[in-house]
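S.K.: First the structure, then my questions, so here it is.
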Amino acid sequence: MPQRHDGNTRPSRLRTSPSVICACVVLLFVDLTVAFPTVRLSSRTTNSCFNSCNSICSERENHSVCAGFGGVGRHTQQFWKTKRPSSLAPLHAKSKSYSDSQDEFQRSLLAAKIANDIKGTAVKEESHRQERAEKQIVKEKEKLEAAVKEVQEAAQNVTQSAKTLGGAVISNSTEVKEAVVDVSQSAKSLGGAVIFNGLGIITRFLTTLLGSEEFRKDILRRKPHYLSDWTDGFKRKRQVIPAVLFLYFACLAPAVSFGTIASEITNGSIGVVEFLLGSGMAGVMYSIFSGQPMAFLAPTGLTLAFTSGLFRFCSLRQMSFFPVYAWVGIWTSFFMTLLGVAGSSKAIRYCTRFTDEVFNGLLSVNFIYEAVSSLRRNFMIAHMNDPMNLTMPFVALSMALGTFLSTMKVVKFEATKFFNTKIRTQIKNFGPVTVILTFTLLNLLPWFKKFHVPTLIVPDTFQLAGGRSFLVGLKDIPTNYRMLCAFPAILLTALFFMDQNISVRLVNSPDNKLKKGPAYNVDLVALGVITGVLSIFGLPWMCGATVQSMNHVRAMSETRLNPETNEIEIERVTETRLTGFIIHAMLASTVMLLPLIKTIPIPVVSGVFLFLGRKLMTGNSFLQRVTDAFAERRRLPDNNPLNLLGRKKTLIYTGVQVLCLLGLFGFKQISSITIFFPAMIGVLMSIRAFALPKIFSDDDFVALGDPTPV
């Protein structure tokens, strides 16, 4: 028993017994387990704790307190193993829910922090972007102010220099020269400033034009067919090869003929080589970039007449021809391109069939006239040399007529009853080329050479006329002359606009049964670009060639004989760019074969001209009405205008067209005024729009196949 002590005695040091320590450990462990159920202690830690308590108490089991606390330790350990999970489950569940809520709260805080960081970053980026935009605006303002200031200063300099010039004129000549230099420099600065700051205006203007609805429609209409425009030609090789061979000669003849005439009227400035190169280059580019590849470009009598008038004007004014020629072509190229992108081709609908037929008839008559003039020239030359010996002109006439009649026969052979369809088609396709080669070889025979039939006159080697350089000196004329070249360019633009649109419209006629659709505005842009390129190189201008274009369509057509009308009708046409590309590539490469070209007799070329002119008359209802005027009405179809309107009205309408044709042909023969020929096309349109409606009603025009455009 412990000894008692009173207040006078000093108490002994308290000694903590092992059993007390064990009890404290056990109670502390129980309190921690109850208070913090989420704290997960491993079974190894728990057992170690209770075993320590039991070992301490086991040393003193005879001691009642230790025994008691040891038992408590053992019971507590047993409670932990068996009773705790069930008895403390509610507390554990609440603690777990509280922990989950804490985790959710922490995640929400983290998400809010991330969103806030992102928002802050976006705000900073927007702020930086606004700062950059404001800086850019400030820079643009500074540039604009600087440009305006530069223009103002340049204008002031011009004014001051002009004042100085005026004073210097009074004082002495030295100051005059210095003032002139100052004025020139100031004017250049002013012009440079205006041009530099005006580029934006020009760009916006062109962008507006490129937005033309008609121009976009033309591109979208032809774009899906561009690839097939090439592949269709490879699929129809049996039709393409003979067409290429025949049309090569059909395009070669006008190039050589007009080249010979141009060499005479321009004193050798432009000759055959230039026409061959120009025709080839223009045709290749047009076959690639045009909207309607079935149309051809070629030299025409109208463009040749315009060139002749321009050369005569330059000669009278003692001006260099080629710089003026080039600048007129460049202005024409600019005007044509603007008209194309602006969709101006829609205005051609006011050019009705009345104008088309007269213009078509003029081209036919012009080809026949050139052929007859060539044959007549042979008789005149022979008469001057030896009036008693006219053998050569008659032999030449026989060759020309033989070429013409033979070509007409082989082309119509497909409608005959001889052989089978395949053989008839081959004769029709290859016949024209065979005729040309046959008469050319005939002229090379030794016994035939004694007739001295003239052949094509071409240079022996490739060389531009006069040995000039390939590029034209655009700076060889003053600036004011360059600007003035825009006025004749307006006339040439009007000629090209009418000629090109009429030629392409005849190609796109429903009678030809083309399927891929027209693209008049794209054709104008292509012609404008080509005109600019040819002008820079000093090559002859090309335009829509109705004769070659229509013969191209005929050569690529599949026809059949209509038993009811006994006429040949078109079934389908192979629309391809391949033929035009190959034909004109061969035409351009002809300059490397000039010695061979010299062997082709001129009468053979005249025969080809006769064929082309006669072929173009096919389908021209105006010329058909001329022959029907002498026919018996009962032998004509019911829908013929003579039966629908009567002979009087039909003859009045046809007579007006004949007078217009004669007027155009006579106007064209007067070389001094041919430069104004485009105005005559406008006269034709005016006659149809204002004069004829006073005589004929709308129903009459429909019966004549010339309805009034809406």
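Any Cβ shown, glycine's included, is placed from N, Cα and C.
For reference, TrEMBL lists these features for the protein:
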type	residues	note
SIGNAL	1-35	signal peptide
COILED	123-161	coiled coil
DOMAIN	215-384	domain 'Bicarbonate transporter-like transmembrane'
TRANSMEM	240-262	transmembrane segment
TRANSMEM	268-289	transmembrane segment
TRANSMEM	296-313	transmembrane segment
TRANSMEM	325-342	transmembrane segment
TRANSMEM	392-410	transmembrane segment
DOMAIN	392-706	domain 'Bicarbonate transporter-like transmembrane'
TRANSMEM	430-448	transmembrane segment
TRANSMEM	481-498	transmembrane segment
TRANSMEM	519-542	transmembrane segment
TRANSMEM	581-612	transmembrane segment
TRANSMEM	673-691	transmembrane segment
S.K.: How about long-range neighbours of the transmembrane segment (325-342): same chain, 6 or more residues beyond its ends, C-beta under 8 Å?
M.R.: 206, 209-210, 212, 215, 307, 310, 314, 472, 474, 477, 481-482, 485-486, 488-490, 492-493, 496-497, 521-529, 531-532, 534-536, 538, 541
S.K.: Going along the chain, which residues at least six beyond the ends of the transmembrane segment (268-289) come within the CB cut-off of under 8 Å?
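M.R.: Residues 251-252, 255-256, 258-260, 262, 295-299, 307, 311, 321-322, 456-459, 462-466, 522, 526-527, 529-530, 533-534, 538-542, 577, 580-581, 583-591, 594 contact the transmembrane segment (268-289) from elsewhere in the chain.
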S.K.: Looking only at the recorded stretches 240-262, 519-542, 673-691, which one has the largest tally of CB-CB distances under 8 Å to the transmembrane segment (581-612)?
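M.R.: Between the stretches 240-262, 519-542, 673-691, 240-262 has the largest tally.
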S.K.: Which sequence-distant residues neighbour the transmembrane segment (240-262)? Criterion: at least 6 residues beyond either end, Cβ under 8 Å.
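M.R.: For the transmembrane segment (240-262), the far contacts come to 233-234, 270-276, 279, 283, 296, 298-299, 301, 304, 307-308, 370, 374, 426, 429-430, 432-433, 436, 456-458, 540, 545, 548, 551-552, 555-556, 574, 576, 578-579, 582-584, 586-587, 590, 597, 605, 608-609, 612.
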S.K.: What same-chain residues lie close to the transmembrane segment (519-542): Cβ under 8 Å, and 6 or more beyond its ends?
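M.R.: Sequence-remote neighbours of the transmembrane segment (519-542) are 212, 214-215, 218-219, 221-222, 258-259, 262, 270, 274-275, 277-279, 281-283, 285-286, 289-292, 295, 297-299, 303-304, 307, 322, 325-330, 332-337, 339-341, 343-346, 348, 464, 468, 470-472, 474, 492, 496-497, 500-501, 504-505.
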S.K.: Express the predicted model's confidence over the coiled coil (123-161) as a mean pLDDT, rounded to an integer.
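M.R.: Here the predicted model's pLDDT, averaged over the coiled coil (123-161), is 66.
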